[in-house]
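A.B. asks: This structure is in structure tokens; I'll ask about it shortly.
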Amino acid sequence: MTFSHSHLLGIEPLAPPEITTILDLADQYVDLNRRDVKHADALAGLTQINMFFENSTRTQASFELAGKRLGADVMNMAMQASSIKKGETLIDTAMTLNAMHPDLLVVRHPQSGAVDLLSQKVNCAVLNAGDGRHEHPTQALLDALTIRRAKGRLHRLNIAICGDIAHSRVARSNLLLLGKMENRIRLIGPPTLMPSGIRDFGVEVFDDMKQGLQDVDVVMMLRLQRERMDGGFIPSEREYYFRYGLDAEKLAYAKPDAIVMHPGPMNRGVEIDGEIADDINRSVIQEQVEMGVAVRMAAMDLLARNLRARPKAVMA
Amino acid sequence: MSRTTLFTNARLIDPEKGTDAPGWLLIEGTTIKALGTEDAAPAADAVIDCGGHCLAPGIVDIGVKVCEPGERHKESYRSAGLAAAAGGVTTMITRPDTLPAIDTPETLEFVARRANAAGPVNVRPMAALTKGREGREMTEIGFLLDAGAVAFTDCDHVITNTKVFQRALTYARGLGALIIAHPQEPGLSAGASATSGKFASLRGLPSVSPMAERMGLDRDIALLEMTGARYHADQITTARALPALERAKRNGLDITAGTSIHHLTLNELDVADYRTFFKVKPPLRSEDDRQAVIEAVRSGLIDVICSMHTPQDVESKRLPFEEAASGAVALETLLPAALRLYHSGDLDLPTLFRAMAFNPAQRLGLASGRLAPGAPADLLVFDPDKPFVMDRNSLHSKSKNTPFDGQRLQGKVRLTYVAGTCVYEAA
């Protein structure tokens with residue numbers, strides 16, 4: 001086994017063999033999840049707390065299910081409604097939770113770097129479930145697993161990431177992961193939704209979608225993050241859909257066997273045509289959700305192994 | 001006749017002449033009486049052997065934030081004064097961005113009284129240019145000048161209403177007051193906590209193009225052409241702003257510019273994993289910008305190096321990067337950080353002290369900042385080579401938010417003299 005980290009804060013610190021380790025283990029959990037009895041004991045006796053400072057349904061459910069299938073005691077905390085509103089700082093919240101001896105802390109926070117900060121103050125394994133515009137590592141891992149299973153490999157593929165790159169932590173984590181695994185990445189979107197310095201990332205940038213999709217193996221669509229925009233990035237949703245929405249005409253430029261991905265939740269008719277999203281021959285969006293549970297099981301399993309291997313602190 | 005003190009065996013750093021040579025310096029009472037490099041030293045009541053270390057005019061630091069009134073737990077005049085003395089800063093030019101802002105003669109008098117009662121070094125306050133630093137109505141510039149304000153600034157608040165700024169500049173010109181502004185296009189820089197580029201994008205931080213600084217400076221230069229006011233840009237930190245500054249100087253406008261020690265010695269990558277002690281305003285720039293700014297200090301295009309001393313307590317820094325407060329303490333690290341540029345061969349010592357002592361004093365009309373007979377005996381003796389590891393808990397400042405914590409630095413202050421009196425002696 002190659003995986004030596006005590007937290008999963010992002011894709012950036014992971015080496016390619018570590019990514020492969022997670023994906024290999026996740027493959028096993030996909031099989032487990034398809035059985036009648038979907039249960040293992042890898043996390044038995046451990047406590048997992050899901051702290052979501054930002055709304056989430058699918059990611060939180062996926063982490064919760066992953067923990068429960070591996071036998072952890074799982075608690076969900078909706079932080080938006082809690083003491084943060086009463087003025088408690090992130091650090092204080094972390095210290096309070098830490099005193100309850102969790103083993104795994106799954107955190108989503110609206111600000112970049114907040115999960116890093118929190119991980120420095122607790123002595124359990126922290127999983128980043130998305131921090132601001134920074135990273136969303138389990139999303140990139142589940143996308144990688146989906147691609148690997150659909151395409152039979154995770155290298156030398158032409159992959160297009162389309163849409164709101166600037167506000168997307170999913171795009172950043174995917175860029176890093178797919179880059180580390182040596183794929184060719186194209187970014188497609190209006191220039192206002194490209195992050196600054198993007199040409200230094202070793203990617204090709206297109207603002208014409210048809211050009212960008214030419215002969216790609218994978219089309220990753222991103223959600224237009226209206227809640228992170230303070231106005232004026234695009235003139236209107238209908239113009240956006242016309243130029244950057246994925247429809248059959250644009251998809252025809254990709255390879256005939258190209259797969260279509262979306263991290264969800266989808267804005268049908270804004271970034272993706274409903275029929276394509278539902279086309280079982282092209283869309284792997286449902287598989288992504290399935291892989292999500294398996295990848296999170298694998299990540300928590302590996303972190304728990306490292307946690308158990310660590311010398312125990314003696315309580316006075 | 002008052003008491004004389006002779007500094008012998010010194011390496012005299014004279015920023016006015018641009019020389020760095022062994023010699024002696026004699027002070028009488030509160031002023032410098034004589035100095036020499038080749039001729040024999042005269043007799044004196046007391047003799048201090050500098051041991052071959054550097055003797056330079058004390059640092060004149062434009063833009064020190066002392067958090068009185070309002071946030072004395074972050075920094076008081078007492079703690080700032082001790083920090084300044086230990087850092088070789090003999091004159092602090094204090095900022096008016098306190099709570100409340102220093103925008104009336106009454107608050108200015110309060111500050112001046114506090115400062116002089118508490119501190120071992122000279123304190124010359126600046127006052128706000130507009131009431132409450134809100135950019136709507138100019139302050140009582142005349143009264144504030146009479147009360148001792150050396151310059152007028154809204155600090156990092158940009159006056160967005162150009163008409164208000166134009167009138168304030170025009171009024172200030174009539175009184176000969178110096179205006180210090182923060183060149184920035186506030187629409188572009190709103191919400192930003194990093195400089196745009198690959199690093200900011202990787203970290204997912206909201207960022208501002210370096211162009212925002214040039215746009216702000218271009219606007220201010222246009223207003224100077226209209227009004228003829230005396231103007232100083234607090235921090236020029238990007239390569240793109242430099243040609244505009246150069247042109248404005250060549251066209252004879254009364255303009256000078258400063259930069260902060262952090263922008264001279266650190267770059268955006270130092271933020272690394274969201275280290276909030278490296279969050280300053282404007283944000284740290286690219287390495288290319290840093291190099292360009294060093295070159296501008298060398299050529300004299302940028303006149304002043306300042307500490308931009310901004311104390312912040314733990315609570316305001318121990319937050320996610322975007323939420324964390326900006327600013328760093330620097331009174332005590334200004335000299336050793338500046339000496340990094342000396343040790344790297346970028347700038348020589350007379351050039352550094354031209355930017356840290358001579359130019360700021362000249363710009364503000366102060367007599368200090370020089371090694372010359374008749375100038376105030378505001379002096380510092382330092383060992384430029386002494387290595388040490390910075391420990392933030394050793395700082396005299398109440399706030400310990402220095403980006404240099406744990407870093408290896410070279411250069412220690414041995415003695416600091418203010419008006420002929422020793423205010424700091426290294427242990």
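The backbone N, Cα and C atoms fix where each Cβ goes, glycine too.
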A.B. asks: Looking at TrEMBL, which one out of A:R34, A:R35, A:R108, A:R238 binds carbamoyl phosphate in the same site as A:R58, A:T59, A:H136, A:Q139, A:G264, A:P265?
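C.D. replies: Among the candidates, TrEMBL records only A:R108 at this carbamoyl phosphate site.
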A.B. asks: Which of the three DSSP-derived classes (helix, strand, coil) applies to A:R108 (carbamoyl phosphate binding site)?
C.D. replies: strand
A.B. asks: Mind sorting out which of the binding-site residues A:R58, A:T59, A:G264, A:P265 are close to chain B, meaning Cβ under 8 Å from one of its Cβ atoms?
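C.D. replies: Among the binding-site residues A:R58, A:T59, A:G264, A:P265, not one has a Cβ sitting under 8 Å from a Cβ of chain B.
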A.B. asks: Say you check the Cα of A:R169 (L-aspartate binding site) against those of the binding-site residues A:T59, A:R108, A:Q139; which is nearest?
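C.D. replies: Looking at Cα distances from A:R169 (L-aspartate binding site), the smallest one goes to A:Q139.
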A.B. asks: Specify the count of other C-beta atoms within 10 Å of the C-beta of A:R169 (L-aspartate binding site).
C.D. replies: 25
A.B. asks: Over the span of the domain 'Aspartate/ornithine carbamoyltransferase carbamoyl-P binding' (A:7-148), count residues by DSSP class, listing helix, strand and coil in order.
C.D. replies: 64 helix, 27 strand, 51 coil
A.B. asks: Let me know the model's mean pLDDT on the domain 'Aspartate/ornithine carbamoyltransferase Asp/Orn-binding' (A:157-302).
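C.D. replies: Average per-residue pLDDT within the domain 'Aspartate/ornithine carbamoyltransferase Asp/Orn-binding' (A:157-302): 94.
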A.B. asks: Under the DSSP assignment, what numbers of helix, strand and coil residues are found in the domain 'Aspartate/ornithine carbamoyltransferase Asp/Orn-binding' (A:157-302)?
C.D. replies: 62 helix, 24 strand, 60 coil
A.B. asks: From the Cα of A:R223 (L-aspartate binding site) across to the Cα of A:G264 (carbamoyl phosphate binding site), what is the distance in angstrom?
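C.D. replies: Counting only the Cα atoms, the answer is 7 Å.
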